[in-house]
Amino acid sequence: MKVLELGWLHKINRTRRLYSLRRYYHVETLFNGTLVTGGRDQETTGFAWWSGNARLINLSGKLLGAHVAHAGLIVFWAGAMNLFEVAHFIPEKPMYEQGLILLPHLATLGYGVGPGGEVIDTFPYFVSGVVHLISSAVLGFGGIYHSILGPETLEESFPFFGYVWKDKNKMTTILGIHLILLGLGSWLLVLKASYFGGVYDTWAPGGGDVRLITDATISPATIFGYLLKSPFGGDGWIVSVDNMEDIIGGHIWIGTLEIFGGIWHITTKPWPWARRAFVWSGEAYLSYSLAAISLMGFIACCMSWFNNTAYPSEFYGPTGPEASQSQAFTFLVRDQRLGANVASAQGPTGLGKYLMRSPTGEIIFGGETMRFWDFRGPWLEPLRGPNGLDLNKLKNDIQPWQERRAAEYMTHAPLGSLNSVGGVATEINAVNFVSPRSWLATSHFVLGFFFFIGHFWHAGRARAAAAGFEKGIDRDDEPVLSLKPLD
């Protein structure tokens, strides 16, 4: 019994050493012991200076300051970059030739553009930049105030804004507030599109125009049908949306569901199964957020690369399939004028040189672009009939604006690499074009990927902490502690 007792004592002592409060002091080490700020040093919080907001996990007032300041930085970038793009903008050139990523978004919302996506007024873009800059100043002052002067914790003075991470009811209330704000943001787009000036619709007759969306799709079968589609091939899940009515209708549904979902989460308490299923800690919520924003990043990647309705080609440049199809169309127009019989001409493989049959029997463009046979674009659709491309329309109905747009898109394929070596390999050195679609798709894919890895990292740590076996490195025996200080 004595031996057993001593054995347990040894085990308890070792457990105290490994699993004491020091298990929250992870492997970060201050490089300079003088960097101590108001009780937010490593010894107090368990996190070194470069762990940033982790030092503020239990200081709700200071964490509020960090978040408000962060929002200020984001809005400042938006305003500054907006004004930078306005200052460099050349109205005579397409937006996608000028490396712009913010002005195309404003143009898509219907600001400053007219028929065909032509920019007729840059003043709204200037106003947008100034409004964001002023807003960022307000947020910046708020961030500084709450970081330096405001209360360290909010629970005592402002209980409505205070919280404890383990308080499941408070956490779902905060979730509900966020959902309502997101829902209101979604409805702002609906109101802009339906009542306040409209949005740019690339499918408007004659090559696109700004118009009011007065008949948004509210059929649940249509809207939720996108979610039930396959993400592969020509199905394309929600990325396949190809009209503004469905886009605005989708925002009506999303906005409404988020508002009602927010009210639900504010007025109810989490059910027992949810209390058991989730880890309820600050790091767990971080991991959930990272997973969600990772998914948004991957969806934005596919949307900006493939979709030419939400991301009109007039502003973002053609999609890959669109540039390929426009090349086939351009040479069909040229050779038809030179006397070629585009319906029967054969290419070197014996297949149709200009036109051929798709797997489903439709008439499609021939040649290498056959792989993009199911492409749909506003400059091409008027030339289709009940069975694919209409021969009679190709011979008699091609409009000058379609020729011009196809020629422009043909020479602006989204092929540039991100080190700004643009164009195809055979292009002359003077050509250096990188499509905004290349930038937006690759950047969102990379960011989505790293957020995904961050989700795994923080989810693993949160689950380990909840299970009680997150111990890190035993700092007492760490070799570096026996070495001489660098200074």
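Every residue gets a Cβ built from N, Cα and C, even glycine.
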Swiss-Prot annotation (transmembrane segment) - matching range among 83-107, 108-132, 433-457: 83-107
Per Swiss-Prot, the range holding transmembrane segment, considering 236-260, 461-485: 461-485
Stretch carrying transmembrane segment according to Swiss-Prot (options 59-79, 269-289): 269-289
Transmembrane segment range according to Swiss-Prot, out of 8-30, 192-214, 353-375: 192-214
Closest-packing stretch to the transmembrane segment (148-169), where packing means Cβ pairs under 8 Å, from 83-107, 192-214, 269-289, 305-326: 269-289
Contact between the transmembrane segment (83-107) and the transmembrane segment (305-326) (3 or more Cβ pairs under 8 Å, separation 6+): yes
Residues from the same chain, set at least six apart from the ends of the transmembrane segment (192-214), whose C-beta lies under 8 A from its own: 107-111, 113-117, 242-245, 248, 308-309, 312-315, 378-379, 381, 401-402, 405
